[in-house]
Amino acid sequence: MKLHEYEAKELFLRYGVKIPPGKLALTPDEVRKIAEEIGTPVVLKAQVVVAGRGKAGGIKIAQTPEEAYELSKKMFGMNIKGLVVRKLYVTKYVEVEREMYLSLIIDRASRRYLFLASPIGGVDIEEIAKTSPEKIKKVYVDPSIGLRDYHIRSIISWLGFKPGSQQWQQTASVIQAMYRIMVDYDAELVETNPLALSKEGEVIPLDARVIVDDNALFKHPDLEKALEEDPRDITEFEAYAKKIGFHYVELDGDIGIIGNGAGLTMATMDLVYHFGGRPANFLDIGGGASREVVKEAVKVLLNHPRVKVIFVNIFGGITRADEVALGIKDALAEVKEHTKKIVVRIKGTNEEQGKAILSEIGIPLFENAEEAAKKAVELAKI
């Protein structure tokens, strides 16, 4: 789960880190009111969980409440990398002396936490690694030992602050908070970029990112609730699929894929790629899928504006071919207004009954997956 910036900053604040005053706004009127409350200039920041907001026009500076209002009218509803802006975080502008980078990740190879620190900030760590790799400091933390003073000293010294200074103490607080968030919230990433030294000499996180392990969300009901209320980085189709109970991942192609089992579904995608097509999605209905689940899966792709062809590839064990066929038939009966072509390869339990049902409604059937994939690609190019 990717937290919005305002949510990540709330965690930083909860763990004792000073951040610039700011509030969340859902309308232009709220933006103006917040700007009046905290004082201008302010920064308007689109709350979408993707990198590169600034370059996409998702971060603006306003000198007056009225300017903030006018800018926000243009920002609400804008599309940034496929995500629609529905929230703006309005925060006090901070004059910056210099920008730094600090993140904490899990290094799976060493089974340790890993701090990445650089005196260069405000750009992606990948860009720093490419242009100035010597500027990146790596500090490993063994979880069985925990964060120690020598870890903190190593990081702060690299960032260029003197022991005993105000900046040293403030940076230490940020490092400690990041580590506690990482552990307490089962995070995969905690990052501040830039970590700024202000003109007043204070060390302040101007941006914050936190990614929490989805498998640990059951331990954090507040985050689970927030995810239900705001799906954030998942599309409307992914949100619907999750609600129904099948595994769905959005891609950028035009051939819809439905399979049973992750391995078969991925192999089906590979076949489509092999024959020159582009999958629109990964959709695994799972083992033993019912007629109802199949119907909802097919409806997702029938309603998807980018999908031209739906390729259903089923190998039935506990998944019955007749149930799959009836699900396809039901979906087509419910979604009458569509222009999609459907290609089916179906084998296994109750195969003959399933094929008979599909033949009655004119669905093309194929004996092997290769021929079915070729046909799907061919139809998508028409």
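Each residue, glycine too, has its Cβ placed from N, Cα and C.
Swiss-Prot annotations:
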| type | residues | note |
| --- | --- | --- |
| BINDING | Lys45, Gly52, Arg53, Gly54, Val94, Glu99 | ATP binding site |
| BINDING | Asn193, Asp207 | Mg(2+) binding site |
| BINDING | Asn260, Gly317, Ile318, Thr319 | substrate binding site |
| DOMAIN | 9-240 | domain 'ATP-grasp' |
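Features as recorded by Swiss-Prot, highlighted on the structure.
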residue	record	Cβ contacts under 8 Å, 6 or more apart
Lys45	ATP binding site	Glu5, Arg53, Gly58, Ile59, Leu88, Tyr89, Val90, Thr91
Gly52	ATP binding site	Lys81
Gly54	ATP binding site	none
Val94	ATP binding site	Pro20, Ala196, Ser198, Ile204, Leu206
Glu99	ATP binding site	Ile120, Gly121, Gly122, Pro194, Leu195, Ala196, Leu197, Leu206
Asn193	Mg(2+) binding site	Tyr101, Leu102, Ser103, Gly121, Gly122, Val123, Asp124, Ile125, Asp207, Arg209
Gly317	substrate binding site	Gly287, Gly348, Thr349
Ile318	substrate binding site	Gly287, Gly288, Thr349
Thr319	substrate binding site	Asn260, Ile285, Gly287, Gly288, Ala289, Gly348, Thr349
Provide the number of Cβ atoms within 10 Å of the Cβ of Asp207 (Mg(2+) binding site), excluding the reference atom itself.
-> 22
Give, as a single whole number between 0 and 100, the mean pLDDT over the domain 'ATP-grasp' (9-240).
-> 95
Excluding Asn260, Gly317, Ile318, Thr319, please set out which residues of the same chain place their CB within 8 Å of the center of the CB atoms of the substrate site, keeping sequence order.
-> Gly261, Gly287, Gly288, Ala289, Ile314, Phe315, Gly316, Arg320, Gly348, Thr349
Recorded substrate site residues Asn260, Gly317, Ile318, Thr319, farthest C-alpha pair in Å | 10
Given that the record lists Lys45, Gly52, Arg53, Gly54, Val94, Glu99 as binding ATP, what is the largest C-alpha to C-alpha distance among them, in Å?
-> 20
